[in-house]
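Here the structure comes first, spelled out in structure tokens, and everything after it is commentary.
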Amino acid sequence: MLKIIIPTAMLMPMMWLSKPNMIWINSTTYSLLISLVSLSYLNQPGDNSLNSSLLFFSDSLSAPLLVLTTWLLPLMLMASQSHLSKEILARKKLYITMLILLQLLLIMTFTATELIMFYILFEATLIPTLIIITRWGNQTERLNAGLYFLFYTLVGSLPLLVALLYIQNTMGTLNFLIIQYWAKPISTTWSNIFLWLACMMAFMVKMPLYGLHLWLPKAHVEAPIAGSMVLAAVLLKLGGYGMMRITILLNPTTSQMAYPFMMLSLWGMIMTSSICLRQTDLKSLIAYSSVSHMALVIVAVLIQTPWSYMGATALMIAHGLTSSMLFCLANSNYERVHSRTMILARGLQTILPLMAAWWLLASLANLALPPTINLVGELFVVVASFSWSNMTIILMGTNIIITALYSLYMLITTQRGKYTHHIKNINPSFTRENTLMTLHLLPLLLLSLNPKIVLGPIY
Amino acid sequence: MKPFIFIIIMTTVISGTIIVMTTSHWLMVWVGFEMNLLAIIPILMKKYNPRAMEAATKYFLTQATASMILMMGIIINLLHSGQWTVSKDLNPMASIMMTTALAMKLGLAPFHFWVPEVTQGISMSSGLILLTWQKIAPLSILYQISSTINPSLLLTMSIMSVMIGGWGGLNQTQLRKIMAYSSIAHMGWMTAIMMYNPTMMILNLTIYIIMTLTTFMLFMYNSTTTTLSLSQTWNKTPLITSLILVLMMSLGGLPPLSGFTPKWMIIQELTKNEMIMMPTLLAMTALLNLYFYMRLTYSTALTMFPSNNSMKMKWRFECTKKMTFLPPLIVMSTMMLPLTPMLSILD
């Protein structure tokens, strides 16, 4: 694992010492090289994990997330070049440093064995994200957004610290490699119910669960493009990954405690999708669609069947790539019109036809068109929840319809129809933007040829 | 203050604390406290204005009362055990009186009312000595009697301190008052662990002293006393703004900075002793502290407050203040979390 961690840490000095016109090129190229190295971790043995040391390991659940994280850094760097072009050199380097630091902490989080180390790094990812959102966001609301983001996550995760230390005292160790074999069923007493709540609430806030999702639209909308990309693609998946790891310790209380959270997720899925239909702000629409997709992942993790775990993992990877791509597309609009209102830049298909092709493909991926892995994930989750309870099919079906509705609404509003007269003189699409979209879309399409990489440890 | 007189006074302050820490005779403990108190009064009054005199008077009155209550506890212990030795078997009545007296000296709730007002009235460097050095002596006595302290008394005081330190600091813009409420909250954390593992109290004290020392030095570097003047730091020394950002997060106890180490260790020791609700309550209330530290960083580092053009030139000037030992202090206040396994040497 050090062969990924040390190069990522060394990206920082390399970028600080580069010539001013080479900082973007150097950091993007070398981070692409690091993501190439991380691909070797996808070669997982079927039923076990690749253990690098006592501190780091990767199994079929964390390897796709690791590859997604390392893949995303060059994409974030490519996307940020335009809005940082007017800053002074030291601030550009500081921004890139924040991105690289976040990447480093995320790599270590996804590969940590010891659960306390996972906790420390999970909290540590908050600091660079907070700095990116609050320092480099564009509107005044970013201050509030940063505070909501920090405090929602911290209030959820402090009980997790106490719970983890309590589990360490009773089990003797918190090393994941050991406790997956040592975990004993826990009885359903009141104190174990509180233990369950303490363990899960941190990840519920991070996912986010419907009642606790207030930080997400604020943070996604106010963050600059790299912040939005990393938030949507990776930081939300930290919650899903954590939940899947920690539920091993919490049997069989989960089957009883899951009911309120299942209800909140199932209802929240439909609520947030419906809100998307009434949004005027493009980034806000994509943010609420993230909440909706993550609610599916929560449902899947709480049901705890083999199909649902496969679906949850596939959905996390698929949603990461799709959501990040949608944010990049929204950003390409924002850079031209300097407004996030959807109807201000409409009818773009006649002016930027290639970008319209990317919009079409991204919207189709978002509404889970076959044969993308979005469909694989959603289908597995819908079928698993149908077997858990027959009535959920109504809510899931309604959600799929409304997802299709708002994805097409977004596509039609921005691309189709007659363009407005004030956008006739926008810049044409840059090669950098087209590359960005291709690099998001290619993994998504290629994974539909071999989805078993992203189907997780149960496959 | 003339250097010669300053040396005599500081020697008395330091030797007073060292007498308290090292003696085995209870009367000498009281003598050490009184030496410390009398010698620090001129230090508190370095700036000769009515506000400083009011602060010094309030400090003197509370500390003298606390010393007298401590003396009462010592006499009760003498009455019941017949000897003056500082030892672990203390009479329960004497223990309660001494705990109350030492809580008054530390500024634990409900005896915390003097801390913000005294800290606000004195200069930054005197406030630094007040909030760091003056805590060492009472905590060393609490360390020595820790096995006989009444748990409900101490835990009540510590939980109240953390809460009051959190809520009290929310409405403050004066930096010295913010640091005073921060001190009250940290004292609460330190006394919470006193009965179970006093070694963690020393760890918390060490890291707290390093972080508070660094914070005060950064504030003195800019000669700021209010949040508003701190917000102009980006004009004077842009590097200090990032350092204040990281330092405030460390004071608030965010991983992966070293301010997280004492909180983590304290929560670990408390959960080992079957206390679950209390560390959760302490941790959640510490988030209030984090809120007003983040407010400081918002105005300093994360936004750029408007300033006039002559202020924007100030970064070109060299700083003439002597900031001894600041770089190692900054490294120690922010990057020491990976050294946590070294705590085994404290056993």
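Keep in mind that glycine also has a Cβ here, set from the backbone N, Cα and C atoms.
Per TrEMBL, the features are:
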DOMAIN    A:1-109  domain 'NADH:ubiquinone oxidoreductase chain 4 N-terminal'
TRANSMEM  A:21-42  transmembrane segment
TRANSMEM  A:54-73  transmembrane segment
TRANSMEM  A:94-110  transmembrane segment
DOMAIN    A:112-402  domain 'NADH:quinone oxidoreductase/Mrp antiporter transmembrane'
TRANSMEM  A:116-133  transmembrane segment
TRANSMEM  A:145-167  transmembrane segment
TRANSMEM  A:193-216  transmembrane segment
TRANSMEM  A:228-251  transmembrane segment
TRANSMEM  A:257-278  transmembrane segment
TRANSMEM  A:285-303  transmembrane segment
TRANSMEM  A:309-330  transmembrane segment
TRANSMEM  A:351-373  transmembrane segment
TRANSMEM  A:393-412  transmembrane segment
### Residue numbers, six or more beyond the limits of the transmembrane segment (A:228-251), whose CB comes under 8 Å of its CB atoms
61-62, 65, 68-69, 72, 75-76, 79, 99, 102, 106, 109-110, 115, 118, 122, 125, 129, 167, 171, 176, 179-180, 183, 185-186, 195-196, 199-200, 202-208, 219-220, 283, 286-287, 290, 294, 297-298, 301, 304, 309, 312-313, 316, 320-321, 323-324, 327-328, 331
### Query
Is the number of Cβ-Cβ pairs under 8 Å between the transmembrane segment (A:309-330) and the transmembrane segment (A:257-278) three or more, considering only pairs separated by 6 or more positions?
no
### Task
Sort out the residues at least 6 away from either end of the transmembrane segment (A:21-42), same chain, that have Cβ-Cβ distances under 8 Å to it, and list them.
3-4, 7-8, 11, 14-15, 50, 58, 63-64, 66-67, 70-71, 73-74, 77-78, 81, 89, 92-93, 96, 100, 103, 453
### Query
Hey, which bits of the same chain come close to the transmembrane segment (A:145-167), Cβ under 8 Å, at least six residues off its ends?
115-116, 119, 122-123, 126, 129-130, 133-134, 137, 174, 195, 197-199, 201-206, 208, 212, 214-215, 218-219, 221-223, 249
### Task
Find the member of A:94-110, A:116-133, A:193-216, A:285-303, A:351-373 that has more C-beta pairs under 8 Å to the transmembrane segment (A:54-73) than any other listed stretch.
A:94-110
## Note on the structure
Across the domain 'NADH:ubiquinone oxidoreductase chain 4 N-terminal' (A:1-109) the predicted model averages a pLDDT of 92
### Message
Below 8 angstroms Cβ to Cβ, which residues of this chain, lying six or more residues outside the transmembrane segment (A:393-412), approach it?
### Response
266-267, 269-270, 273-274, 276-277, 282, 285, 289, 292, 296, 342, 359-360, 363-364, 366-368, 378, 381-382, 385-386
### Task
Mind checking which residues of the chain, 6+ beyond the ends of the transmembrane segment (A:257-278), have their Cβ under 8 Å from one of its Cβ atoms?
193, 196-197, 200, 204, 209-211, 213, 285, 288-289, 291-292, 295-296, 298-299, 302-303, 392, 395-396, 398-399, 402-403, 405-406, 409-410
### Message
Do any residues, 6 or more residues outside the transmembrane segment (A:193-216), come within under 8 Å Cβ-to-Cβ of it, and if so which ones?
### Response
122, 145, 148-149, 152-153, 155-157, 159-160, 162-164, 166-167, 186, 235-236, 238-240, 242-243, 246, 249-250, 253-254, 257, 261, 264-265, 267-269, 271-272, 287, 290-291, 294-295, 297-298
#### Entry: Secondary structure content of the domain 'NADH:ubiquinone oxidoreductase chain 4 N-terminal' (A:1-109), with strand meaning DSSP E or B
78 helix, 5 strand, 26 coil
### Summary
Other same-chain positions with a Cβ less than 8 Å from the transmembrane segment (A:285-303) and lying at least 6 residues past its termini are 204, 207-210, 213, 216-217, 220-221, 232, 236, 239-240, 243-244, 247, 254, 258, 261-262, 265-266, 268-269, 272-273, 275-276, 279, 309, 311-312, 315-316, 319, 323, 326-327, 330, 342, 366, 377-378, 380-381, 384-385, 388, 392, 399, 403, 406-407, 410
### Task
May I ask for the residues of the chain that lie six or more residues beyond the transmembrane segment (A:116-133) and have a Cβ under 8 Å from a Cβ within it?
55, 95, 98-99, 101-102, 105-106, 108-109, 142, 145-146, 149-150, 153-154, 157, 160-161, 164-165, 168, 174, 202, 219, 222-224, 226-227, 230-231, 235, 238, 242, 245
